[in-house]
Amino acid sequence: MTRVTRDFGDTMQKDAVPAVSSDVTFSSSRFPNYKIGANNQIVDAKDDPKVLSMKEVVARETALLLEQQKRLSVRDLANKFEKGLAAAAKLSEEARLREAASLEKHVLLKKLRDALESLKGRVAGRNKDDVEEAIAMVEALAVQLTHREGELIQEKAEVKKLANFLKQASEDAKKLVDGERAYARAEIESARAAVQRVEEAIQEHERTSRASGKQDVEELMKEVQEARRIKMLHQPSKVMDMEHEIRALRIQLVEKSKRSLQLQKELARSRRGEQSIFQLLELDGNEALGSCLRINPCSDNAPELSKCSIQWYRLPSDGGKKELISGATKSVYAPEPFDVGRVLQAEIISDGQQFSLSTTCPIDPAAGLGSYVEALVRKHDVEFNVIVTQTNGVDHPSESIHVLHVGKMRMKLRKGKSTNAKEYYSTSMQLCGVRGGGNAAAQALFWQAKKGLSFVLAFESARERNAAIMLARRFAFDCNIMLAGPDDRARLGS
């Protein structure tokens, strides 16, 4: 048990001072080292000037967290939040201990003041002044302690708020980490599934390629063996003899067909009892697609064709209504794909009298043209080399090579990188064979790309010209457009 006594000199005896209450406890064995500051404020002189206050520690840790937040990963940030939460808990525990120590100081100061008050009534003179000064110091110390407790309470609230913030941030960081981990796992599983599908597709393609490759090789071997067998059976000399024989048969067939056509014409004339003009004029030419039909005089008394009015017509093979071919007013006419299967008739007006010449049978299709067009239809865009002979009805002086593109959606005419015309299929577009005269009429066509822009194009062969017409009409029909010549679309629609 510790007793506090003080020697006040000769004014009173030592045994006259009552003892301090026995339930007082001291945190140290000496009285605290206080100093009187400005405005009589009691300042606690700290032994270690490097020790920081709780508020400074919290502020420094918060600043460090804010600085490192931008460069830390989510996982590091979560770990940092957990460390900050532990530090905040530690600071809260220190604040609680300080609060308990502060409560003990209040009890100590109260008891000390009570002791000094009781001592004040028993002393006099200078000792009484010392007691009053000590009481003033204790009261000032109590005020300072109360102020300090207020700061501690505020710091405790800030620490608690920071702890809650760090705890919430830690939970959010954990949720974010879990979400990112789940998303990464889902992405990995999706990538694995995609890789597996690709591998399965590659394996299936390899198996199919091997199977088709084996089948192609087997078929090729069979064809080679068949070719070898044929080669062994037919010697080169026999093959050459057969080729010469076939060529001779073809020549004879052409001659026989011409003779047969001539006999058919004469027979038709004799049956109809034609007038003298039909004995003066005749319709010459192969009655098939790719040829030219020409009205020729067959007597010196024949009228001049330049002074006659000529108009060509199409007649259905079953004898229906004839159709006027717009623009076909010359003595030469080259049949186009629309004329296949129909009879062509030319009406001639001479000296006020009207006469007619017609083909003996419907126009035959060109051999192999249908399969050629079917092969071209599979392409997205087909190119033909052409020469522009006329533009908007005016002769084109240059004979340079142009390229005509016939596509599934549009047609285009170009020369190198320069485009002359490029139009989609529409009702204003027209396409047909050339209906004028000339020896190259079977190889030329008329194309009106749009109103006010038209061309006459010459092809390398009649086969390419007819293929271009059929192909363009096929693609235009797929676009719900009826592609024909002038005045033909209305008659076809009707």
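Cβ coordinates are placed from backbone N, Cα and C, and glycine is handled just like the others.
A TrEMBL annotation is a machine prediction, not a hand-curated record.
Sequence annotations record features per position, and here TrEMBL assigns domain 'Stomatal closure-related actin-binding protein actin-binding' to 54-96.
Per TrEMBL, the feature domain 'Stomatal closure-related actin-binding protein coiled-coil' maps to 100-267.
Across the residues of the coiled coil (181-259), the predicted structure has a mean pLDDT of 77. Annotated coiled coil per TrEMBL: 181-259, in sequence order.
Helix, strand and coil content of the domain 'Stomatal closure-related actin-binding protein Ig' (282-378), in residues and according to DSSP, is 15 helix, 39 strand, 43 coil. Positions annotated as domain 'Stomatal closure-related actin-binding protein Ig' by TrEMBL: 282-378.
Per TrEMBL, the feature domain 'Stomatal closure-related actin-binding protein PH' maps to 381-488. Per DSSP, the domain 'Stomatal closure-related actin-binding protein PH' (381-488) is made up of 21 helix, 51 strand, 36 coil.
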